[in-house]
Amino acid sequence: MNSFKAYFSSLIPVRNLFWKKKAPNFGVYKIVDPGKVSLRRLVPDHIPKPSYYRTGEPTENVCYPEIKNEKQIHQMRLSCKLAANILQKVEKNIKIGKTTDEIDVEVFNMCIASGAYPSPLNYKNFPKSVCTSVNNVACHGIPDDRPLHDGDIINVDITVFYEGYHGDCSKTFLIGNVDNEGRNLVKATETCLNEAINICKPGKKFNEIGTCIEDTAYKLGYRVVPAFLGHGIGCYFHGPPDIYHVTNNYPGRMEAGMTFTIEPILTQGGYLIEILEDNWTAVTADSARTAQFEHTVLITDSGVEILTLPD
Amino acid sequence: MSQLKEKSIQNRRCNGWRKTLNESLHEIAVEEAVRLKEKKLASEIIAVSCGPAQAQEVLRTALAMGVDKGIHVEVTGPEYETLQPIHVSKILAKIAQNEKADLVIVGKQAIDDDCNQTAQMTAAVLDWPQATYASKIEKGDNEITVTREIDGGLETIKCKLPAKAKKKPIQKLTPKDLGVDTSPRIQIVSVEDPPTREAGVILPDVDALIGKLKEGGHI
């Protein structure tokens, strides 16, 4: 018989290459498709604008993770607290039937009322002021006319630009009666974020965050979506260091004065994601649900401080 | 808002069709192998995965997809952090020899370091012919025809096959079992731009070409 042995390998370093399994138990939920996006909102003149306001492209060029001085850290505390407070108000007002566009209006108005600019607006031409990612949308969901259904899980990702500094945080909320699979996913994601924050301190390698999150997620039965990273933050929205949420060998160590975000996305299914035609919305290829939590943290002399905590 | 890392696995949906951007997927390698088996061109498929315990998961799923046997080469901790394509290629070569494999199919790039070296190095260690960037594999008598994606289109090449075959679940090994030394090999000394290319010369005919080559001592 003219046959031969075919032999394939997976490349190193191997991450959790979880394939598109026939999902046994993703649970009960609605698969989300993009809806109709409303017109872009106009920001009043008196609000200080970030560098990318006109063109969509940021002009900052940050080469190394920034070590911030006392004044900069003080400003970071202000913008991060504002972001956290806005997120808290969104949590209070969120309910079944509310459209993600209505959440966008709320966030936009709250930013303007506080004298802040909603950072996502026109960042690389993102059309809205907040990212709303429901169920199978992994992240960068665009607010539209879809109402929230009973059983949805929604991540609301808020970033504000206040007095020249960005503050970034997000949470995944449970809408109505969410099934056990959904609840466990959301809880696991928050656990992963907290575990990762707890290991942060001066001298720790950035890449240990990824190992910590991936190991914790794996033990709880989930995969991490590797495509999206945390980032350094300050006067610029995104900059070094790159914070991977999977095992990696990104170089560099944490130092006191650095501020960056940790924002793992966990999924019930495979780690493949697709970017839709709007060039933003990231959905899981197997339509599994995802959850995400995010904080902006500051590395202090002795350890770490979460900046995005509400009053 | 999360930062998107372009190099990692993702598809972009264009006009409703999925268009694979980056073939860092062994998924494609697996599918191709399973297809070869379905066409009865392959008698046995073995999946190899190197890494910590989590690396076994991919093997289980591969087994579910139709692979006959899985080999997990366990590499953990600091050894794992400094693992480079050269170590992997030696591991693969050793396993290929032990298992008397005829064909090794490898995914193109890994998520984070994008090195795209392992396939070529494995072939070099084994001294086998290699066809990279393969998009299609067909088998003839004692040779395979591979369609490659290169800058400017598709290229079809034929490669001779070495030898023959046999069959089971997941076998666990360490690099030491295979006699592979995993001490770090690379130290980044410097990073420089490539030297600028010199302009070429256009010659009028073959005689002139031969003359030029003789001048340069090339023939």
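Cβ atoms are placed via backbone N, Cα and C, with glycine included.
Between the candidates A:ASP168, A:ASP179, A:ASP311, TrEMBL assigns the divalent metal cation 2 site shared with A:HIS231, A:GLU263, A:GLU294 to A:ASP168. TrEMBL annotates A:ASP168, A:GLU294 as divalent metal cation 1-binding residues; of A:ASP157, A:ASP286, A:ASP301, the candidate listed for that same site is A:ASP157. Within 10 Å of A:HIS231 (divalent metal cation 2 binding site), counting CA to CA, the binding-site residues A:HIS140, A:ASP157, A:HIS238, A:GLU294 contribute A:HIS238. Within the same chain, residues at least 6 positions away in sequence whose Cβ sits under 8 Å from that of A:HIS140 (substrate binding site) are A:PHE126, A:CYS131, A:SER133, A:TRP280, A:THR281, A:ALA282.
Each of the binding-site residues A:ASP157, A:ASP168, A:GLU294 was ranked by the number of other C-beta atoms within 10 Å, and first place falls to A:ASP168.
Using a 10 Å radius centred on the Cβ of A:HIS231 (divalent metal cation 2 binding site) and all shown protein chains, the other Cβ atoms total 24.
A coil conformation is recorded for A:HIS140 (substrate binding site) in the three-state DSSP classification, outside any helix or strand. Rounded to a whole number, the C-alpha distance linking A:GLU263 (divalent metal cation 2 binding site) with A:GLU294 (divalent metal cation 1 binding site) is 4 angstrom. Secondary structure at A:ASP168 (divalent metal cation 1 binding site), taken from DSSP and collapsed to helix, strand or coil, is strand. Among the binding-site residues A:ASP157, A:ASP168, A:GLU294, the residue whose Cα lies closest in space to that of A:HIS238 (substrate binding site) is A:ASP168.
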